[in-house]
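As annotated by TrEMBL, compositional bias 'Polar residues' applies to 1-20. TrEMBL lists 35-388 with the feature domain 'Aminotransferase class I/classII large'. Residues or ranges marked as region 'Disordered' in TrEMBL: 1-21.
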Amino acid sequence: MNRSFQPSPNVTHVTPSMTSGMAARARALRATGRTVVDLSQGQPEFDTPAFIREAAQRAIDEGATRYTATDGILPLREAMAQQANRRHQGLDEVGADEVVVTSGAKQALFNACFVLFGPGDEVLVPTPNWTSYYEIVELARAVPVPVLGDPAQQWKVDPDALRAASTPRTRGILLNSPCNPTGAVYSPGEIAAIAALARERGWWLLSDEVYRRIAYEAPASSVLDCTSDRERVVVIDAVSKSFAMTGWRLGWAVGPREVVKAMAAMQSHTTSNAAAVSQHAALAALQGGAAADGAVAEMVEALRQRRDAALQELLRHGPVEHVRPDGAFYLYVRVGSTGGVDPGAFAYDLLEREGVAVVPGAAFRTPEWIRISYGGAEADVRQGVRTIADTLHAARTAG
Ligand SMILES: Cc1ncc(COP(=O)(O)O)c(C=O)c1O
């Protein structure tokens, strides 16, 4: 241990992501020869569609190996603006100068929070929600304010809950629909009501839409579908989840020109442009027309089958409290409260004793729950969720 290292105040509160931690422990157990079913990973287990991989290979051969403009190549920003314009309800057109290309949605979220929020600012985070929101807001030295949703409404929050949690220091909201970890999808009316509240109060609305294309019951809405006023709206998107491109690290933000400019300036001193080849791959995905739509539809259909398989296995011994997911690829399950189950230890014991990795709900500020990812192969999903159902049943029968 290096005793002379004292982390600076920038990072004293930062802990490694619990989702990455569970996946790392699963890998470590596998390395010892154990069989592990990993349902902790936040990625769909598909190959990136062939037409995207081929476009990337062509781009490398044609010289996409150098720096690009910090905010991304123009045709890509134009394609992203065009996608936003297909949805935007307002009269003003989204321009390419209102888009910044980033190394994944995570960087877009970080840069947006960093330029919008600072010391003393409070940011409302509908909870449970993706683990990194809380840490990203803290890295900006602002204060994340978890706002618990209603478990009877798929844990979604409504304007009343947000109003009740707000103070004069509230500066923004982080909305995530479809939601990680619950799979809940906000309806257009629900998004419009939250957008109206944000507008009325002058709050920034950051809408993380990385799972928007992965919805099972009805198409999931963008905030751009639901409001005509985007003066204080920043949309975060990525090709990561919908095109099975998590490793390419390619995301973007659409927002007011000044915000996007500040984000690009920040990026020019930190990471510079997103990888050139990934930008060309994303361009192929966004301009892919029928091939792209077909590839996404095929993956969503496979995920729907895995969702249904997961639900069937979960309920094999009878009712278990859970959120029925309408989007993304997560199943949120309550393990605490009844029988002899220690919710804090459940996920860790499950991995060490049964060889099934999930993410403890503490990562999402709801410790009695666990998040199961059903992005993996259907046989693994079935086996893993069956083990979870059996373990819960055994504990409750014994307790
Ligand atoms: C809600 C949400 N937003 C953003 C991200 C990060 O996406 P990316 O891999 O594009 O950085 C994730 C990844 O798990 C996520 O679940």
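The backbone N, Cα and C atoms fix where each Cβ goes, glycine too.
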What same-chain residues lie close to the compositional bias 'Polar residues' (1-20): Cβ under 8 Å, and 6 or more beyond its ends?
40-42, 131-132, 135, 138-139, 359-360, 362-363
Per DSSP, what is the residue count of the region 'Disordered' (1-21) in each of helix, strand and coil?
4 helix, 0 strand, 17 coil
